[in-house]
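What follows is a single structure, written as structure tokens, with notes after it.
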Amino acid sequence: MAPTLLTTQFSNPAEVTDFVVYKGNGVKGLSETGIKALPEQYIQPLEERLINKFVNETDEAIPVIDMSNPDEDRVAEAVCDAAEKWGFFQVINHGVPLEVLDDVKAATHKFFNLPVEEKRKFTKENSLSTTVRFGTSFSPLAEQALEWKDYLSLFFVSEAEAEQFWPDICRNETLEYINKSKKMVRRLLEYLGKNLNVKELDETKESLFMGSIRVNLNYYPICPNPDLTVGVGRHSDVSSLTILLQDQIGGLHVRSLASGNWVHVPPVAGSFVINIGDAMQIMSNGLYKSVEHRVLANGYNNRISVPIFVNPKPESVIGPLPEVIANGEEPIYRDVLYSDYVKYFFRKAHDGKKTVDYAKI
């Protein structure tokens, strides 16, 4: 039998939705009311819940790559191999100062610990900029079952724009996180590009691979019935590359291309989790894989993560790169306007890998 909401604060599901979504309390606010059972709108269909027997059955693990290895060719080979076989890998000794990572994680907690009146200033209805958005779940109006996550989404336009519109309490730390990560991001994209016969990351390719940046500050509060819901549902990212900083709680799972199992990505202190996005899969004509992943809810700890989504410019047209199909390889994707692709992704609920079909020939 489905659990019911065991608190007198809400008399029906509509009141929960109003409290969480429209009044800006998020699931953090809901969790802090002391609810003892999961509201019905968060209960996922059975097939969307992650059953333990499908996790790590084969002791699979995504690759961990040491970027300080002096053999540059070896590092590049490991990155490209992981991009082809896993679509995910972790990097250590990446050159981003650890204090920068600690600072942005602390700033994430500070933002979500603000009074709801302060956070509400950044909801879709109240934000002074379309580049700043505080919200909950993924796409509440399109979802049959909501996800147990709150977020602050920050689309980087310029430091001046960020100074004007981003929340004071996390702005400087997030900008520093972006700036200190750029060298590593460029290095990874150069490796991936050279393997696609892209000789250099010139201005045109830079615009295509990393022309826009979005950062999310994600918050996954303690959940009363974590086995019945998800923090984030099955999906692949629409980015070229995603750079994920996670705390020590864990919960990220990746679908193995080899076995189909869900594989936990254990937190490694000071590391980043890197994953290929749909845009890179399309531009590589399917050589690099954007892979399904999801995040579990948990009943013991509040969790945060801070992904940087490295994207083409919205006005870019993405399709198989000329360098990839120059030798006669048949394109399996058509050219699409990147902003159209992103709009298609965000107007529906998470649905695994279906978004990339939008670009298939």
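Quick reminder: no glycine exception, Cβ is built from N, Cα and C everywhere.
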According to Swiss-Prot, Arg303, Ser305 bind 2-oxoglutarate; which one of Tyr191, Tyr219, Tyr220 is listed for that same site?
Tyr220
Using only what Swiss-Prot says about Fe cation binding by His235, Asp237, identify which of His109, His264, His293 is listed for that site too.
His293
In sequence order, which residues at least six apart in the same chain have a CB under 8 Å from the CB of Asp237 (Fe cation binding site)?
Asn275, Gly277, Asp278, Ser290, Phe309
Would you count the other C-beta atoms found within 10 angstroms of the C-beta of Arg303 (2-oxoglutarate binding site) for me?
24
Between Tyr220 (2-oxoglutarate binding site) and His293 (Fe cation binding site), what is the CA-CA distance rounded to a whole number of Å?
16
Under DSSP, the domain 'Fe2OG dioxygenase' (204-312) has how many residues in helix, strand and coil?
16 helix, 43 strand, 50 coil
Rounded Cα separation (Å) that holds between His235 (Fe cation binding site) and Ser305 (2-oxoglutarate binding site):
16
Of all the binding-site residues given, His235, Ser305, which has the fewest Cβ neighbours within 10 Å once its own Cβ is left out?
His235
